[in-house]
Amino acid sequence: MSEKQQKLVYSIIEFLNQSIQDGTVKADDQESLEVAIQCIGEAFGVDPSNQDQAQKLSVKPATLPSIFDVYIKTRDKVASSQPSSSASSSKPAVPSAEDKVQAEKCKQTGNAQMSSKEYDLAIESYNKAVALDPTNPVYYSNRAAAHSSKGDHLAAVGDAEKAISVDSKFVKAYHRLGHAQYSLGDFKAAASAFERGLKLEPTNASLKSGLQNARARIDDDDQDGDDGDDDVLPSTRSVGGAGAGPGLGGMGGMADMLRNFGASGGAGGGGMPDIAGLMNNPQLMAMAQQMAANGGLANLMQNPAVANMMSRVQSGNMPSMEEIMADPSLRQLADQFGAGAGGR
């Protein structure tokens, strides 16, 4: 049974358990539903009480109702946008010159808000830009980046696909789409997005590295399936793909060090450290130097999630540690450091 199928079953069980807890299901029917949940879990090999499976199969922060809601809204939006007559079958009206100017101002405001990590405000600014000029794919693409920064990769997928529908030659949208799909764990869809972008721009290094990593994760998943090992933890799988293993020797303390920083309060909110605090840590810097010396750093940068994070850093949009650890692929990467200790 594929991991994707188990993720769906896990989400269904989460929804049913939540329906019991919030009173959606009447008390008289709860016992029957609990039996059904147990039967479903046994049939598909899913145990919601298993913490290892929870980490591996959970799609949080998304939930089954939220995913379904996105589908319904998208379907309704597409249906409502269908032409009702031949007169309405043309493309949206071309925005006026003034609308385009105002839309650009909204985009610039959104970009500034992204730099200051005000992602909700940035999304509102991009919403205004889209309303003024729905023909510009950049606005959808930027809004996708804002959603990804919040960890809402499902919404990022929708905006990236909208950008492509507006302008199928807008290469950056394919990178946004690939990154979002990769972060959701849909590596085949991510590979497809990167491939589509490379058809337009064959020399794009970001798309090439993204495709390489997505294919490596597909190979890893296939390998896991062939072995029949359903209990492999995400931390034992290479987030960076086939080339991410070398150069990680001696990195076993990374995950523990991040947790220790969090336990001591750090400089970031919520008990997590800020980036500057980590970079001032001698142990972390020694690890980074070791990675650079043996080639591990180059392999690490091939990971789309890491490349996206570094792109934000270079643009002055420094992510917080909460954001980094909220990203599934980056969180798995930190755990992988812990799993790779000892022996290299």
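Even glycines carry a Cβ here, placed using N, Cα and C.
Note that the coordinates shown come from a computational prediction; the quantities given were computed from them, not determined experimentally.
For 5-69, the entry in TrEMBL reads domain 'SGTA homodimerisation'.
TrEMBL lists 80-96 with the feature compositional bias 'Low complexity'.
Taken from TrEMBL, the feature region 'Disordered' applies to 80-112 (among others).
Here TrEMBL flags 97-107 as compositional bias 'Basic and acidic residues'. For the compositional bias 'Basic and acidic residues' (97-107), the DSSP-based tally of helix, strand and coil residues reads 11 helix, 0 strand, 0 coil.
What TrEMBL records for 103-136 (among others) is repeat 'TPR'.
As a summary of secondary structure, the repeat 'TPR' (171-204) carries 27 helix, 0 strand, 7 coil according to DSSP. Taken from TrEMBL, the feature repeat 'TPR' applies to 171-204 (among others).
The region 'Disordered' annotation in TrEMBL covers 216-246 (among others).
Residues or ranges marked as compositional bias 'Acidic residues' by TrEMBL: 219-232.
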*Could you tell me how many residues in the domain 'SGTA homodimerisation' (5-69) are helical, how many are strand and how many are coil under DSSP?*
48 helix, 0 strand, 17 coil
